[in-house]
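Data first, discussion second: the structure below is written as structure tokens.
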Amino acid sequence: MKIVACNSNRPLAEAVAAALNLPLTKASVRRFADMEVFVEIHENVRGEDVFVIQSTSYPANDNLMELLITLDALRRGSARRVTAVIPYFGYARQDRKSGPRTPISAKLVANLITEAGANRVLTMDLHAGQIQGFFDIPVDNLYAAPLFARDIAERFHGRDIMIVSPDVGGVLRARAIATRLNTDLAIIDKRRERAGVSEVMNVIGDVEGRDCILIDDICDSGGTLCNAAAALIANGAASASVYTTHGVLSGGAVARIASSPISMMTITDSILATEAVRLAQNVRQLTIAPLLAEAMRRISDESSVSSLFD
């Protein structure tokens, strides 16, 4: 097995390599004066089982091109199999037509990754599970649920907790954690009664006096989760915390979270933390490196990945 790290999240790639007791394959990603990307693999990969680690997070287009060009370099270098390890799959929120004459960008990205030379994909908490069907190659979608459930059990031991989905679409994700913890599930139903009227958040479930934990896959601007936390507190919750897999946290998200009722937001290191995230008092990271490493080992050994979540 060989591991190639692109530039979007090198610390995560190094942690994965360390967990597998393997060195990173020597490779370089450079940019010409006009910002074209040039990738060079400095070791022989002929006949090797190669894993390329690259999140397609901000800047999404640059990181996507790095991944595509690296895949092409490995394919042309006669690697036996190339797995694109994409902890955060950018463009996943564009998984359907949002209106007339609009693209399905997630499908386009899937096509590009396949055509560039990937033989399989390993990713984490896809925004929409059906994206796996956009690929004509195998896709292993890992879940943060076991990691989050263990952390919640440790941090909230002995407290009266309730798992909360911030919207109807996230119920299955939240229920998976509630089931692991044998606790109750609440749902926030967002409704706009008529045009021009502010969105109303209705809490379905009795959260009075309970420590509520919101579960989501992506936190971008933070607006939805901050509003959801405020709704929980307004309905009598003792506290509101958040667990979300992918901390995109764009723009003023960190400042928005800091001034919100969210007592603590827990994210994973699927996306490289910005300085604002590292300095934030109420944002913390859990590493997914051991989970990725074990999944990669199983793929290389041709053993079951799904049994990680049994």
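Placed from the backbone N, Cα and C atoms, the Cβ positions cover glycine too.
According to Swiss-Prot, the ATP binding site annotation covers ASP34, MET35, GLU36, ARG93, GLN94. ARG93 (ATP binding site) falls within neither a helix nor a strand when secondary structure is assigned with DSSP, and so counts as coil. Long-range Cβ neighbours of ARG93 (ATP binding site) (same chain, at least 6 residues apart, Cβ-Cβ under 8 Å): ALA106, HIS127, ALA128, ILE218.
Under the DSSP three-state reduction, HIS127 (Mg(2+) 1 binding site) is assigned to coil, being neither helix nor strand. According to Swiss-Prot, the Mg(2+) 1 binding site annotation covers HIS127, on the basis of sequence analysis.
Residues or ranges marked as Mg(2+) 2 binding site by Swiss-Prot on the basis of sequence analysis: ASP167. The DSSP secondary structure for ASP167 (Mg(2+) 2 binding site) is coil. Neighbour list (ASP167 (Mg(2+) 2 binding site), Cβ cut-off 8 Å, at least 6 residues apart, same chain): ILE187, ILE188, ASP189, LYS190, THR224.
Residues or ranges marked as active site by Swiss-Prot: LYS190. The number of other CB atoms found within 10 A of the CB of LYS190 (active site), across every protein chain shown, is 15.
What Swiss-Prot records for ARG192, ASP216, ASP220, SER221, GLY222, GLY223, THR224 is D-ribose 5-phosphate binding site. DSSP classifies THR224 (D-ribose 5-phosphate binding site) as helix under the three-state reduction.
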Lowest local Cβ density (other Cβ within 10 Å) among binding-site residues: ASP216, ASP220:
ASP220
May I ask for the distance between SER221 (D-ribose 5-phosphate binding site) and GLU36 (ATP binding site), taken between their Cα atoms and rounded to an integer number of Å?
30
I'd like the number of other C-beta atoms within 10 A of the C-beta of GLU36 (ATP binding site), please.
10
Nearest of the binding-site residues to ASP34 (ATP binding site) by CA-CA distance, picking from ASP216, ASP220, GLY222, GLY223?
ASP220
Sorted by position, what residues of the same chain at least six away from MET35 (ATP binding site) have a C-beta under 8 A from it?
none
I need the nearest neighbour of GLN94 (ATP binding site) among the binding-site residues ASP216, ASP220, GLY223, using C-alpha distances.
ASP220
For GLN94, SER221, THR224, listed as binding-site residues, tell me which one has the smallest number of other Cβ atoms within 10 Å.
SER221
